[in-house]
């Protein structure tokens with residue numbers, strides 16, 4: 001990554017603290033494996049494939065946390081131009097509006113400005129990935145039966161961040177010289193969720209045209 005990009009993606013701009021993998025755990029080893037294949041310049045389509053002999057739940061868990069960290073950074077870089085005034089609704093162009101719903105305060109889908117949606121989303125994901133009952137970190141602790149369901153929900157909602165950034169803030173990404181970085185992250189994400197069927201096709205619709213050009 002170039003110096004300029006390093007400054008763009010510096011720690012202070014992260015929307016949330018990074019979730020790290022504890023050294024010595026299986027997740028940490030898998031995380032290193034995933035990073036190594038990316039760093040080796042492997043085709044992203046190949047890089048997302050489940051390594052031989054590895055557990056799919058573990059592989060998905062590692063990527064969910066990694067994408068959370070990366071997409072956090074991407075949103076952090078444009079968050080100064082995403083305000084209640086510029087983005088009074090969380091949308092992806094005129095056809096797509098995303099409403100927030102959770103198990104606590106927002107029992108019904110509720111329209112909120114984009115920055116509020118992002119904040120609620122990142123808080124919500126953080127609670128999930130730090131919950132030992134959903135994302136167990138100890139080797140031998142089984143994943144709950146609902147794990148894939150939760151992972152799908154997290155990834156579908158993270159996809160909406162890409163939708164909002166690409167459709168409403170791409171000029172800002174360009175301005176910062178971060179286009180290649182964001183595109184690579186998007187391709188990696190897209191190949192991963194489609195490889196393991198982790199996101200509904202209707203969720204992917206808003207970026208369909210761009211995706212068909214970018215992800216052959």
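Placement of Cβ uses the backbone N, Cα and C atoms for every residue, glycine included.
In TrEMBL, annotation is done automatically, which means it is predicted and not curated.
Sequence-distant neighbours of residue 169 (Zn(2+) binding site): residues of the same chain at least 6 apart with a C-beta under 8 Å from its C-beta are 78, 81, 82. Annotation source TrEMBL lists Zn(2+) binding site at 82, 87, 164, 169.
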Number of Cβ atoms other than its own within 10 Å, given for residue 82 (Zn(2+) binding site): 21
Output field, Zn(2+) shell: CB within 8 Å of site CB centroid, site 82, 87, 164, 169 dropped: 78, 81, 86, 114, 115, 165, 168
Packing count at residue 164 (Zn(2+) binding site) (other Cβ atoms within 10 Å of its Cβ): 24
